[in-house]
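Quick notes on the structure that follows.
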């Protein structure tokens, strides 16, 4: 009888390294290890050798960077999706793509089960499993961290040593870190106290604003229909744009975020994020929208941005609601074409200028000089009609 096969989201860390052996023993199944590359900087060489030596029957490395930028990041940027007005959703955006890649490999490898290494109190378990349910509803999902016998990192290390599983014996960082090209999330350790300022060693890529260059960096970003297409006049692929802005913004201390956020599972958590490129691009994109979108569209889209952010954060990317919102967002982005000039300086992003062939700013209407073309006399009748409802109400209900 052929063994069942389990597709495992594999990072090469302690949890997923011992998970291969644990899953094989518990389910008598072969384990297919899958790693997705979303632009993380951590070492990915040697993962295949490590996975196979640990007991995986096969290993799949899937390069997802281009798809991540074009089909996920740009959609979120166009929508203006910032969870609770702060978080650019780097980790949350990556999870549905990783889960989809897992399902694709699982089907190719004839797997009947999907496994992940998410904890039982975090958001990622929801994101993975809701995506699995959307794309592979008949596959069984395994979450070893919710059921296995290990209660500490030390007990996991003991298991690894007992079964000759190669794991790092260097001092573990006190922080839990997740990284991709759109940003880095940092939690745990002293960061769990919301009154403790993040130690400098918690940050992975950004320069401290105090130590950033004394000379500001000026950068120009061009957009076409809401999507960045060039930096400082140089046309670039999306991946290169993000890499370039990560470099420029990080060295100027831009992109450090500290927030208390509401998790999917009902608790509040303190999160530190580094998102240099995301911070710059969201700022620039929003300013270009101010210039080009009609008032009611601009204001209504701010509500949609929160709905879109919640969809990403809550793990319902593969939903009809997200598809429907994409249609609205794409229509709003047709005039969001132009250039935004910014100054990056010691942790701050400052707007220096913006222009667009679809600008709704009319200087002749806005000016207070003799070039003013606004009909001032029209204001009197407008104000009478605009305030008529309140005037009528006040006549019936006099102010006390």
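Here the Cβ of each residue, glycine as well, is placed from N, Cα and C on the backbone.
These numbers come from a predicted model, not from an experiment.
Taken from Swiss-Prot, the feature ATP binding site applies to 9, 10, 11, 12, 13, 14, 15, 16, 17, 117, supported by sequence analysis. DSSP assigns residue 15 (ATP binding site) to a helix in the three-state reduction. Residue 15 (ATP binding site) has a Cβ environment of 21 other Cβ atoms inside 10 Å.
Sequence annotations record features per position, and here Swiss-Prot assigns L-citrulline binding site to 87, 123, 127, 176, 185, 261, 273 based on sequence analysis. The Cβ of residue 176 (L-citrulline binding site) has 186, 187, 188 as same-chain neighbours under 8 Å, each 6 or more residues away in sequence.
Taken from Swiss-Prot, the feature L-aspartate binding site applies to 119, 123, 124. Summarising the environment of residue 123 (L-citrulline binding site), the number of other Cβ atoms within 10 Å of its Cβ, over all protein chains shown, is 20.
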### Task
Do me a favour and check the Cα-Cα span between residue 13 (ATP binding site) and residue 119 (L-aspartate binding site); whole Å is fine.
14
### Task
Quick one: give me the count of other CB atoms within 10 A of the CB of residue 87 (L-citrulline binding site).
23
### Per-residue Cβ crowding (10 Å cut-off), top of binding-site residues 11, 17, 119, 185
17
### Message
For residue 261 (L-citrulline binding site), which of the three DSSP-derived states applies: helix, strand, or coil?
### Response
strand
### Message
Using the alpha carbons only, what distance in Å do you get between residue 123 (L-citrulline binding site) and residue 15 (ATP binding site) once rounded?
### Response
17
